[in-house]
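According to TrEMBL, the feature compositional bias 'Basic and acidic residues' maps to 29-40. Taken from TrEMBL, the feature region 'Disordered' applies to 29-52. Positions annotated as Zn(2+) binding site by TrEMBL: Cys134, His142, Cys158, Cys161.
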Amino acid sequence: MFLQRSAVAAIRRTVPRALASRTFTTSIVRRDAPKEDKPESSPASKIPPGKSLLEGYKTIDQIKTEEDLFAPGAKPGTVPTDLEQATGLERLEILGKMQGIDIFDLKPLDASRLGTLEDPIVVNSAGNEQYCGCTGFPADSHTVLWITLTREEPVSRCMECGSTYKMHYVGPADDPHAHHDHHAAPERPKNMADFIKPEYQNV
């Protein structure tokens with residue numbers, strides 16, 4: 001142990017400080033590009049005044065079939081933008097945002113009041129099942145509790161605060177992808193909703 005320490009001390013004394021210490025240097029050069037060569041900040045800045053961003057693209061009321069949601073693609077030798085390459089639902093969302101329309105209704109639920117059986121908080125759904133998160137009234141008074149709403153049982157209450165939610169189906173009348181099984185559907189397992197008194201249910 002003593003020999004190891006003395007050997008390290010001897011090496012430190014014999015090696016010159018200039019060789020032992022490391023020196024780091026940096027240099028920064030700033031060059032300002034000419035104003036005409038600066039990249040544009042956004043695609044909207046390339047549009048001449050008086051011309052619409054939607055020019056050449058279909059508006060929401062012009063979209064009738066799936067073919068209307070195909071992208072034109074980018075010109076050869078260019079990098080495509082989202083608007084030039086997005087297809088399907090992504091393209092529908094982008095075109096909607098360009099027109100100020102929220103396609104997927106992403107605004108939060110009404111948390112300014114407590115939903116009751118007579119006046120529930122309405123939740124739009126395009127599918128047969130919808131999940132909504134309740135944080136209580138006033139908002140954030142309890143942790144998020146997830147509530148399942150279905151087309152068969154569109155009304156449900158929060159177990160913590162009692163706020164009532166109702167699903168409003170906005171999807172297609174008939175689902176073309178639904179598989180019609182000729183066998184009898186299995187019986188739904190019972191849950192707490194089956195034991196609620198009838199006067200507490202919205203019937």
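Indices start at 1 and increase along the chain as displayed.
Just so it is clear, glycine is given a Cβ too, placed from its N, Cα and C backbone atoms.
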| Non-site residues, in chain order, whose CB comes within 8 A of the mean position of the CB atoms of Cys134, His142, Cys158, Cys161 at Zn(2+) | Thr135, Gly136, Phe137, Ser141, Leu145, Met159, Glu160, Gly162, Ser163
| Candidate with the highest Cβ count within 10 Å, taken from the binding-site residues Cys134, Cys158, Cys161 | Cys134
| query | Which residues of the same chain, at least 6 positions away in sequence, have a Cβ lying under 8 Å from the Cβ of His142 (Zn(2+) binding site)? | reply | Thr135, Gly136, Glu160, Cys161
